[in-house]
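As recorded in TrEMBL, the features of this protein are as follows:
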- 83-100: compositional bias 'Gly residues' (COMPBIAS)
- 179-192: compositional bias 'Basic and acidic residues' (COMPBIAS)
- 193-207: compositional bias 'Basic residues' (COMPBIAS)
- 8-82: domain 'RRM' (DOMAIN)
- 110-186: domain 'RRM' (DOMAIN)
- 83-106: region 'Disordered' (REGION)
- 179-225: region 'Disordered' (REGION)
Amino acid sequence: MSHSRNDCRIYVGNLPPDIRTKDIQDLFYKFGKVTFVDLKNRRGPPFAFVEFEDPRDADDAVHARDGYDYDGYRLRVEFPRGGGPSFRGRGGGGGGGGRNRGPPARRSQFRVLVTGLPPSGSWQDLKDHMREAGDVCFADAFKDGSGVVEFLRYEDMKYAIKKLDDSRFRSHEGEVSYIRVKEDRGGSDRRSGGRSRSRSYSPRRRGSPTYSPVKRSYSRSRSRS
């Protein structure tokens, strides 16, 4: 399936006047492969367009960086008018935010429970860490140091349990812990108490999953050093 350019392109505004292209790349690299940064800083307040290889990464970046405080400037990050992937907007916790949201993320029965996450461990960190085992379609992290990860395929879930149990985990803030990974047989809604620090994640474009979408919410960041 091909994607239009607007699906992968985001607008970044309210940037500091001394911003550089590399600074913008550093802001967004953790969400996925950035293919192009177009910084406009010759006239008026600077702004930029950032293009990702995958529209899901662009969606993650919008959710995580819109309103982000960068050197005292609150960034404005959004899809250009008429742009954005059709699935975008699985905002966490029911905050609303005033945006029209697309269909909910896909979910899967191939789920693992992760424990031992450091306090700063986010859903993004967890998703990136667990990607070593295969395609992650959902990631969620909780304030008690636990998390849930769902894979597209059964064999990826089993590989995660075998290879990532007791593995070294590093958060985006540099905190390190050794996490435990086991199959979660408790059901996807067992933690519906709203203490999540994440949002749901649509699967990346690989294979052809047949799982039915379910409502949820999730989030993202690089976990490995």
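Positions of Cβ are set from backbone N, Cα and C atoms, glycine also.
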Local confidence of the prediction over the domain 'RRM' (8-82), expressed as mean pLDDT
89
Take the domain 'RRM' (110-186) and count its residues per DSSP category (helix H/G/I, strand E/B, coil), listing them in that order.
21 helix, 30 strand, 26 coil
For the domain 'RRM' (8-82), DSSP counts of helix, strand and coil?
23 helix, 25 strand, 27 coil
